[in-house]
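Everything on this sheet refers to the single structure shown next.
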Amino acid sequence: MEGQRWLPLEANPEVTNQFLKQLGLHPNWQFVDVYGMDPELLSMVPRPVCAVLLLFPITEKYEVFRTEEEEKIKSRGQDVTSSVYFMKQTISNACGTIGLIHAIANNKDKMHFESGSTLKKFLEESASMSPEERARYLENYDAIRVTHETSAHEGQTESSSPSSSQPHSSHCRTKASSLCHHASLPWVKRSHVGPAKATSPSLRLRRWRPFLRLPSLGLHSVAPNIDEKVDLHFIALVHVDGHLYELDGRKPFPINHGETSDETLLEDAIEVCKKFMERDPDELRFNAIALSAA
């Protein structure tokens, strides 16, 4: 992707919440970590949930699937309500910000905005635009770009793993707060600290902390270079008019994943996340955060 390139945004609730606060969103909704996929771990997420952001690796397997999915939908068609707010991505490393915009824009009626909110202004001004027009509008929206850059510098830890040397390039990076999966547990959180006790004997829950040099885990206390190619990408999963939509600015349109509700959104979104992980069973670099009522 040519053109503008932003510093990757961290997949970390503290960073995303501060970012949204700076854009004028009242903290009546906050992003929180999703520690795993089983019911016990999902029960730790405050309810209700109105959006889930998934960070995942762009791999050859995924790109093959994405092409096949797009061709299948173009051939068979799908129902997408006009109420869905969707925008394309034309800025490298902006997928975190676009994921946040997708999450908030499709739940605007639930949000409280501060007076003079930059995000509210952007959403109102872009409401009647096409997905492509919204992308171009963001390119020139300095107030969001500057806030993104500030938030990207908030977390100074970048993450890599043995598998992250793959040549695929995308638009975002996980730094602190990465999740991985193994054996009977779809994903666990890893850290320099020892495993915490959990309700299941097969479960280990660990937490990464920024600002520490941890070579053995592939962590470094420096911000990533803005020109560095990264192969991790954010998407948003939201509920609009009774259906679960996957919103990815790299794709030409929203993906309708079937029926959902305010009560079942988290569980339904996690089922979609599981499919991403099942397509790349050897990958460890997955992370999810949920937008929950504070």
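In case you wondered, yes, glycine gets a Cβ from its N, Cα and C as well.
TrEMBL annotations: computationally assigned, not manually curated.
Taken as a whole, the domain 'UCH catalytic' (5-293) shows an average pLDDT of 80 in this prediction. Residues annotated as domain 'UCH catalytic' in TrEMBL: 5-293.
According to TrEMBL, the feature site 'Transition state stabilizer' maps to Q89.
The active site, nucleophile annotation in TrEMBL covers C95.
Residues or ranges marked as region 'Disordered' in TrEMBL: 150-175.
Feature annotation from TrEMBL assigns compositional bias 'Low complexity' to 159-169.
Here TrEMBL flags H233 as active site, proton donor.
Annotation for D248 (site 'Important for enzyme activity'): spatial neighbours H233, I235, A236, I255, criterion Cβ-Cβ under 8 Å with sequence separation of six or more. TrEMBL lists D248 with the feature site 'Important for enzyme activity'.
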Between C95 (active site, nucleophile) and Q89 (site 'Transition state stabilizer'): CA-CA distance (Å): 7
